[in-house]
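Engineer: Following this message is one structure expressed as structure tokens.
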Amino acid sequence: MILSGLFKDSFAASRVLKFSTELPFIHTNQSYQIFSLIENPNGFICNTMMKGYMQSNSPCKAIWVYKLMLESNVAADNYTYPILFQSCSVRLAEFDGKCIQDHVLKMGFDSDVYIQNTLINMYSVCGNLGDARKVFDDSSVLDLVSWNSMLAGYVLVGNVEEAKDLYDRMPERNVIASNSMIVLFSKKRNVEEACKLFNEMKQKDLVSWSALISCYEQNEMYGEALILFKEMNANGIMVDEVVVLSVLSACSRLLVVMTGKLVHGLVVKVGIETYVNLQNALIHMYSSCEEVGTAQKLFSESCWLDQISWNSMISGYVKCGEFEKARALFDSMPDKDNVSWSAMISGYAQQDKFTETLVLFQEMQIEGTKPDETILVSVISACTHLAALDQGKWIHAYIRKNGLKINIILGTTLINMYMKLGCVEDALEVFRGLEEKGVSTWNALILGLAMNGLVDKSLETFSEMKEQGVTPNEITFVAVLGACRHMGLVDEGHRHFNSMIQEHKIGPNIKHYGCMVDLLGRAGMLKEAEELIKSMPMAPDVSTWGALLGACKKYGDNETGERIGRKLVELHPDHDGFNVLLSNIYASKGNWVDVLEVRGMMRQHGVVKTPGCSMIEVHGRVHEFLAGDMTHPQNEDIEHMLDEMAKKLKLEGYAPDTCEVSLDIDEEEKETTLFRHSEKLAIAFGLIAIDPPTPIRIVKNLRICNDCHTAAKLISKAFNREIVVRDRHLFHHFKQGSCSCMDYW
């Protein structure tokens with residue numbers, strides 16, 4: 001055509017350009033080369049080129065062609081402006097749209113309904129419903145598309161009142177309008193209205209069914225979603241990708257793998273199984289239902305894998321506890337995003353693999369990936385469990401340095417970490433700096449203050465919480481009752497327990513009763529504690545019985561302790577705590593025959609006493625000590641420090657409490673055993689490795705014994721060091737010979 005000169009004919013050239021722009025495998029650059037060779041392009045040719053740019057997702061270039069039209073005095077027509085308004089919609093370019101609207105008015109096309117509809121859509125997409133409504137109201141001619149475009153705008157911004165008003169005024173309601181309203185009701189969690197409208201519809205299409213099924217799924221009504229899908233299938237409605245995604249999500253939530261398999265079969269039958277979104281949904285569904293083998297088969301056989309595919313498979317392995325496979329897949333990923341890192345890091349944290357959590361987080365930092373809130377929460381939780389205060393503080397500093405917003409969840413996690421590592425002032429600083437505080441935030445503060453021996457401050461915070469209009473929940477009262485038990489405030493505990501039931505209408509659960517039993521037991525009110533257990537509306541749990549049994553041992557009520565202990569060992573022969581407490585009660589009476597009997601029963605049932613373990617962080621590294629441990633690299637230095645501690649303790653008048661050793665051995669051996677308790681080893685290492693005035697912070701997995709408590713008080717005085725020990729129940733801040741618990745634990 002070029003050689004023959006036929007290309008100079010505008011009509012012939014326009015056919016070539018139209019052919020070029022409509023074929024997806026011809027690049028727009030080649031189409032533009034054709035366009036640039038046309039000597040006198042008319043409006044149709046320019047419109048064709050603009051449409052080509054729009055179809056190839058280059059809306060900016062469509063505007064550029066319009067500017068060429070204006071410069072070349074090529075007249076625009078009523079097909080030009082809809083293309084331009086669509087371009088502005090895609091780019092959210094409201095200012096450009098307003099300018100083009102001025103051109104429409106100037107050229108006299110403002111009465112063209114197609115132009116007006118695309119203009120309404122442009123303003124709606126840009127969120128300017130005021131101007132969209134003005135165009136709608138000023139239009140001399142409105143068609144069904146006009147009404148649907150305006151309605152879609154209100155649906156987009158979630159304006160229910162205006163949408164309902166417009167829907168009610170529509171001269172003709174088609175399926176599209178009704179579907180839009182169902183979508184809106186779904187967004188606003190108004191399931192009842194969505195169902196009512198769906199049932200009133202005389203005609204329903206695939207989108208109608210899909211919209212209501214999605215409505216159920218998004219509002220956590222998964223069973224209803226599956227029932228409606230079954231009804232849809234019975235009516236012979238052909239499924240598509242959108243509705244199947246909602247149904248598979250419902251199957252994942254309900255863990256109904258058989259239903260999921262039936263849906264999978266339907267997907268194959270329809271022929272849409274190769275869609276990558278469906279592949280991902282199926283992988284997620286099978287993984288959620290712990291059929292990770294099937295998920296792996298789908299993953300391996302899929303021709304199309306995206307980031308979500310990899311992340312779904314990793315999450316599936318993590319959920320099923322197959323961390324080695326998850327890690328291998330994670331390491332082989334071509335690209336990792338925040339979801340990938342989060343799946344692994346959160347998975348490690350949720351499965352109590354806290355060391356692995358921190359190691360992987362450090363790898364993430366080296367890779368240069370910025371963590372999100374979920375990752376930070378998991379890592380801070382890991383620091384809490386490992387007593388890794390230095391790393392926890394580093395993460396807090398990282399959050400501040402990078403200007404990350406500390407929301408309720410992240411703030412609560414930080415408060416919890418600082419409180420559980422004995423840094424009360426740091427926790428209070430985080431609390432004060434939070435813009436928004438939820439009930440969980442207040443709960444963390446109340447519980448943390450009580451754990452650190454600041455019971456009065458804890459109860460004051462509870463009063464302040466109520467004054468601020470924050471409604472306490474079940475967890476709040478667990479924290480408040482816990483505060484009362486730490487200091488033996490029996491009357492105060494009863495008052496709050498009754499207030500929870502009568503004033504706040506919260507029925508007490510097993511944890512509330514457990515707190516009250518522990519409170520009474522610690523105060524020596526053993527009969528009242530046992531009576532409360534008998535009056536409980538539910539069966540007492542292990543912790544509740546353990547609290548009473550521990551109180552019997554503490555107050556020397558061996559008769560009651562022996563009776564309860566024997567009963568509990570019969571009911572729970574594999575519970576190490578009950579066996580150990582009963583053994584200790586026998587030992588305190590010197591009844592070594594029964595001690596040996598209990599220990600024989602423990603061996604018979606394979607029950608192993610949980611060894612005492614104390615952790616201490618030094619220069620960002622966590623060190624663990626077990627009772628009698630001699631494996632530490634600095635063991636020789638620790639032994640020298642233990643000797644020095646023994647000398648200074650003797651000068652302070654310390655006498656080992658050998659009653660804590662439940663073994664039929666001589667006193668000297670008992671003293672040696674006592675002095676190798678895990679917390680004493682950790683204190684010795686802390687005195688060597690941590691320079692004053694930095695406190696020595698230790699976390700122990702069991703409750704601190706009387707002897708170690710006495711020794712820690714005297715060591716804090718003899719060495720002029722602050723020692724903080726967190727045991728299973730609360731914090732002990734040892735300073736100048738006294739403890740924050742006031743010897744009540």
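Every residue gets a Cβ built from N, Cα and C, even glycine.
Curation plays no part in TrEMBL annotations; they are all automatic predictions.
Reproduced below are the annotations present in TrEMBL:
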| type | residues | note |
| --- | --- | --- |
| REPEAT | 42-76 | repeat 'PPR' |
| REPEAT | 143-177 | repeat 'PPR' |
| REPEAT | 205-239 | repeat 'PPR' |
| REPEAT | 306-340 | repeat 'PPR' |
| REPEAT | 438-472 | repeat 'PPR' |
| DOMAIN | 653-745 | domain 'DYW' |
Engineer: Note the mean pLDDT of the domain 'DYW' (653-745), expressed as a whole number.
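Structural biologist: PLDDT averaged over the stretch: 81.
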Engineer: Kindly report the helix/strand/coil residue split of the domain 'DYW' (653-745) according to DSSP, in that order.
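Structural biologist: When I sort the residues of the domain 'DYW' (653-745) into the three classes, I find 36 helix, 16 strand, 41 coil.
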Engineer: For the repeat 'PPR' (438-472), give the DSSP counts of helix residues, strand residues and coil residues.
Structural biologist: 26 helix, 0 strand, 9 coil
